[in-house]
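Enquirer: Quick one: structure below, then a few questions.
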Amino acid sequence: MSIAFSRKLNDYIKLAKPRVISLLDIAALAGFVLGLGKSVNIFSWIHLLPVLIGGSLAAGGGMIINGGLEIEKDKLMKRNSWRPTVKGEVSKGEAYTVGIVAAIIGTVVGLLDNLLTSFFIAFGFLVYVLVYSIWLKPRTWWNIVIGGLAGSAAAWAGYAASSGVFNFESLLLGLLVFMWTPGHFWSLALRFKDDYVKAEIPMLPVLVDERTSAKAIAVSNILMIPFALSLTLYLGVIYGILVSILSMILLYYNFRLIKNPNKDEAWRSFKFSSPYLAIILIIAIILRLV
Ligand code: HEM
Ligand SMILES: CC(C)=CCC/C(C)=C/CC/C(C)=C/COP(=O)(O)OP(=O)(O)O
């Protein structure tokens, strides 16, 4: 592989945010396992690869497009100044082309499972690019609340891949991701408030003071917890106990943040948000499979 090609590929991988994709894939895997139902055999797992590959391509494609959309704003943000788009290594047009091609391939790969899986992959991509990145992000602090649906789509795609359906259990799993997203992102946006002020992006922490942001993070997480606990209906009391313990740790970080609404506390709340969701999803996967 030529050096230029591998460098370009590396640029796209960085823009696609692999760490984000890894948790989206865990959400899809949790959906897949919950959708397996009782009769699991070796052939049930065949449908896992298309939704993971397709969902990752579409999510990554969306984030590459987002990088192309926000070059000017990213130039004003210290956190994003390293990006290949900001440094001129990937142009706007290139980011759009690669992102759209990746999303189309991802949606088509989803068809290898079924139409519903492909629909949710396309839905997640379109909500993130059109609804969140283009329409809401520059206009309203509701951007992240509604944009969170994109993450729900990963769980719904996973559930559809193994079951072929969208039912109440699938809805609850997606609502967990949806309700988790604001607390996850607002803690990051509070940590990097200066960046979002400079880029004039109306994130909630830009529009209100630090303590109010901290309270919004805690309230959104308190509202999220019943949705996390709701899957106890399907996964049993051990799941409920473990989620309750994890939720108390999350709220501990959030109440620390309310007490001291500073950058370090905001970062702690943010850095625990992803493991919180990842551990809950992994507990759900294990408890369904044992
Ligand atoms: C529209 C909704 C969302 C927004 C706006 C958002 C925003 C962000 C941002 C800006 C970052 C920092 C990325 C970076 O600079 O590298 C981040 C990190 C991350 N996001 Fe989100 N996020 C959203 C939803 C999600 C969802 C649904 C998931 C997975 C289910 C997720 C998982 C992650 C992970 C794993 C990280 C890396 C965390 C770390 O570095 O410790 N995000 N998010
Ligand atoms: C099924 C499917 C394809 C789902 C897609 C889900 C998806 C792409 C979620 C994106 C989450 C995320 C980290 C957004 C970054 O926000 P941002 O772009 O505002 O962050 P920035 O400040 O780093 O640009």
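Positions of Cβ are set from backbone N, Cα and C atoms, glycine also.
Remember, TrEMBL labels are computer predictions, not curated facts.
Relevant sequence annotations retrieved from TrEMBL are reproduced here:
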- 20-36: transmembrane segment (TRANSMEM)
- 42-69: transmembrane segment (TRANSMEM)
- 90-109: transmembrane segment (TRANSMEM)
- 115-134: transmembrane segment (TRANSMEM)
- 141-159: transmembrane segment (TRANSMEM)
- 171-190: transmembrane segment (TRANSMEM)
- 231-253: transmembrane segment (TRANSMEM)
- 273-289: transmembrane segment (TRANSMEM)
Enquirer: Within this structure, do the transmembrane segment (273-289) and the transmembrane segment (231-253) have 3 or more Cβ pairs under 8 angstroms, counting pairs 6 or more apart in sequence?
Expert: yes
Enquirer: Mind pulling out the one from 42-69, 90-109, 141-159, 273-289 with the most Cβ pairs under 8 angstroms to the transmembrane segment (20-36)?
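Expert: Counting Cβ pairs under 8 Å, the winner is 141-159.
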Enquirer: Going along the chain, which residues at least six beyond the ends of the transmembrane segment (42-69) come within the CB cut-off of under 8 Å?
Expert: 12-13, 15-18, 20-21, 24-25, 28-29, 32, 36, 83-85, 90-96, 98-103, 105-113, 117-118, 121-122, 124-125, 128-129, 133-134, 150, 154, 157-158, 160-162
Enquirer: Please indicate, using numbers and ranges, the residues of the same chain that are 6 or more beyond the transmembrane segment (273-289) and have a C-beta under 8 Å from a C-beta there.
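Expert: Sequence-distant neighbours of the transmembrane segment (273-289): 19, 23, 26-27, 29-30, 33-34, 36, 40, 173, 176-177, 180, 183-184, 187, 228, 231, 235-236, 238-239, 242-243, 246-247, 249-250.
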